[in-house]
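Straight from TrEMBL, the features:
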- 20-40: transmembrane segment (TRANSMEM)
- 23-519: domain 'K+ potassium transporter integral membrane' (DOMAIN)
- 60-81: transmembrane segment (TRANSMEM)
- 153-175: transmembrane segment (TRANSMEM)
- 195-214: transmembrane segment (TRANSMEM)
- 221-243: transmembrane segment (TRANSMEM)
- 268-288: transmembrane segment (TRANSMEM)
- 300-320: transmembrane segment (TRANSMEM)
- 347-370: transmembrane segment (TRANSMEM)
- 391-415: transmembrane segment (TRANSMEM)
- 427-446: transmembrane segment (TRANSMEM)
- 453-475: transmembrane segment (TRANSMEM)
- 481-501: transmembrane segment (TRANSMEM)
- 533-776: domain 'K+ potassium transporter C-terminal' (DOMAIN)
- 660-680: region 'Disordered' (REGION)
């Protein structure tokens with residue numbers, strides 16, 4: 001599989017029903033680990049304090065009715081049948097919805113957008129051009145595009161949902177593992193189990209986070225069997241309890257029991273909804289992990305196995321509890337109480353394994369969403385390690401991993417009970433769902449071009465349900481719900497500060513960029529010594545000459561014989577196809593040997609390492625030269641239309657009938673037969689270096705100027721590549737407000753100093769790096 005493309009799963013989706021069933025089976029371990037372990041703690045959290053289990057069973061039947069209808073309306077109706085359809089070229093999650101809105105309503109906060117980006121295959125340009133059918137939709141689109149405040153609000157809304165997902169990455173492992181381990185309390189005395197429960201949970205959590213750097217692909221084959229075994233186990237126990245204890249428990253599925261429950265319990269019943277809410281934790285994963293599977297496979301897995309298993313499990317617990325009214329409050333109404341005595345030990349083991357699998361899924365999802373935020377300029381640069389060369393999307397972020405582990409241990413040791421953990425987790429989950437509901441309503445109008453009445457119905461129906469649970473969770477602020485709010489607030493501040501600083505820095509670059517006319521005014525020789533090699537100047541600009549270049553030339557009047565202004569940017573699509581990866585163009589006349597190369601990545605794409613990237617970059621420039629698309633000298637007067645002069649060039653793997661780059665003798669045989677290709681060799685050199693050759697087709701013929709240009713590019717490649725990277729110091733302008741000075745001088749500067757350097761994030765070799773310092777006054 002080509003890791004760069006990430007299209008392997010998409011190709012599998014279309015093959016056969018057999019493939020769909022296989023994907024549905026695999027989704028059990030990745031998507032449903034968290035959702036399937038919710039029976040461990042739902043009833044225990046619900047009956048923790050606000051309501052009591054009485055002899056009339058009205059409370060337990062009312063809770064069962066709430067659980068059933070919540071599972072039916074939110075995961076089944078909302079996510080499986082509606083939200084899953086709002087995919088972004090097969091990808092799901094909060095950022096998928098936001099990227100859809102960015103493209104359809106042009107509310108993207110990234111300032112480096114180009115017209116050429118709309119030509120990308122996954123941009124869905126055919127749909128972008130269509131205006132919403134309703135006049136309201138057209139007015140809404142126009143308002144969003146004109147109002148900068150609304151665009152910022154939309155970004156903050158998406159970031160809030162993202163921050164709550166990160167908070168869930170802290171809380172879900174804690175509550176899942178702790179609830180699974182709590183089964184030990186039935187096999188030992190109260191005095192002993194409280195000293196065993198927390199340490200065992202902490203040891204499991206430490207082991208879970210310590211194994212992250214190995215990647216899930218090494219043990220991933222166990223995930224689906226573990227969750228499948230767990231689902232079959234809770235289904236069998238549920239059926240046994242229904243048949244053995246109360247076969248008429250199915251009557252509690254009637255909505256009438258919800259009314260009886262609220263009528264009897266009143267305020268206590270409303271507050272207990274925060275515990276009932278936990279039955280749908282992990283539902284967002286069905287949408288967030290859509291890119292790894294397919295819509296049909298996730299629908300089949302949930303409707304045919306996960307949903308009925310969960311319903312049977314909750315019904316079984318309710319049937320058992322309806323015949324057992326515990327006076328001892330220590331046992332309460334936990335999951336393990338309803339498990340037959342002889343099965344408790346094996347069920348405990350399976351539950352712990354299932355909790356670990358569910359925790360693994362949310363941790364990996366947290367890594368993925370932070371990578372997306374970083375790609376879109378909303379999170380400081382971090383080290384991203386791809387743990388699998390075959391499976392797309394499996395990444396590991398060391399800094400985030402250890403931060404999550406410390407926070408997770410702090411929550412486990414600090415709370416020591418599922419009640420407060422449940423309050424915290426419930427608020428995080430329902431906030432993400434509310435954000436999804438709000439963004440979906442905009443997608444219905446702006447992207448699906450449906451009537452606004454349909455969007456209003458969607459928001460009113462699901463928003464009312466989720467708002468009810470949200471208020472019930474928020475009222476528990478002092479009893480644990482403050483944790484996700486505090487975590488989300490911290491991460492939101494980090495994201496907003498970083499995004500604001502990055503935006504101001506880019507605006508400074510745009511305002512202080514050097515015009516191409518200035519460059520041309522230096523003359524054909526540029527008045528500067530040209531040394532051998534290729535100089536890659538990293539810049540965020542997609543047009544014009546960055547100020548760092550003039551600063552560099554002023555202090556060191558010499559640079560390489562081939563100079564490339566390299567811009568690596570993310571576009572609001574999940575993937576960019578390899579054949580659309582590079583945009584290449586000349587800066588100035590051909591004899592200057594100055595090029596601009598824009599490398600476009602989607603927010604889910606994998607960035608290649610430096611050696612592969614160098615080869616693709618040189619090959620794309622060579623293919624651009626061979627194509628002969630050179631503008632006349634007069635075309636460079638207007639720098640504002642430089643985007644129109646650039647050519648889309650693919651990577652080496654896409655040049656099946658174009659130019660090839662060979663850097664040793666063995667590559668030629670693999671590239672093409674000598675009857676179809678001919679070589680352009682670099683001249684012999686005295687010192688031994690890697691030989692570089694361009695292998696080009698026999699036809700069409702290449703003109704003399706292009707041949708000379710290719711010769712010089714080969715010589716420069718043999719001499720080596722130097723990376724010229726800006727090292728910026730950002731300060732607020734004099735006269736700026738105190739808040740801006742605080743954000744830029746302290747907040748952004750602190751994050752910049754403690755995040756990965758630009759050269760590291762771009763996989764630039766340190767031995768070939770030249771940093772040029774600049775002071776930015778923004």
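The backbone N, Cα and C atoms fix where each Cβ goes, glycine too.
Please treat TrEMBL annotations as automatic predictions, because they have not gone through curation.
Owing to the predicted nature of the structure, the values given are computational and were not obtained by experimental measurement.
Ranked by Cβ pairs under 8 Å to the transmembrane segment (453-475), the stretches 300-320, 347-370, 481-501 are led by 481-501.
With a threshold of 8 Å between CB atoms, the same-chain residues lying at least 6 positions outside the transmembrane segment (20-40) that come near it are 9, 12-13, 75, 172, 176, 179-180, 182, 220, 222-228, 230-231, 234, 278-283, 285-286, 289, 292-294, 296-298, 300-302, 304-306, 309-310, 313-314, 317, 335, 351, 354-355, 357-362. At the 8 Å Cβ threshold, with sequence separation of at least 6, the transmembrane segment (300-320) lacks contact with the transmembrane segment (391-415), having fewer than 3 such pairs.
By the Cβ criterion (distance under 8 Å, sequence gap of 6 or more), the transmembrane segment (427-446) is not counted as touching the transmembrane segment (347-370), fewer than 3 such pairs being found.
Only residues 6 or more beyond the boundaries of the transmembrane segment (195-214), in the same chain, are considered here, and those with a CB under 8 A from a CB of the stretch are 173-174, 177-178, 181-182, 184-185, 188, 352, 356, 359-360, 363, 385, 387, 396, 398, 401-402, 404-405, 408-409, 412-413, 416.
In summary, the transmembrane segment (60-81) does not lie against the transmembrane segment (391-415): fewer than three C-beta pairs, each 6 or more positions apart in sequence, are under 8 Å.
At the 8 Å Cβ cutoff, the transmembrane segment (347-370) and the transmembrane segment (481-501) share fewer than 3 close pairs (sequence separation 6 or more) and do not count as touching. Within the chain, the transmembrane segment (268-288) has long-range Cβ neighbours (under 8 A, six or more residues past its boundaries) at 30-36, 38-39, 41-48, 50-51, 59, 62-63, 66-67, 70-71, 74-75, 79-80, 83-84, 92-94, 96, 165, 168, 172, 261-262, 298, 302, 310, 314, 358, 361-362, 365, 368-369, 419, 422-423, 425-427, 429-430, 432-433, 436, 468-469, 472-473, 475-476, 481.
Contact count against the transmembrane segment (481-501) (Cβ pairs under 8 Å) is highest for 153-175, out of 153-175, 221-243, 391-415.
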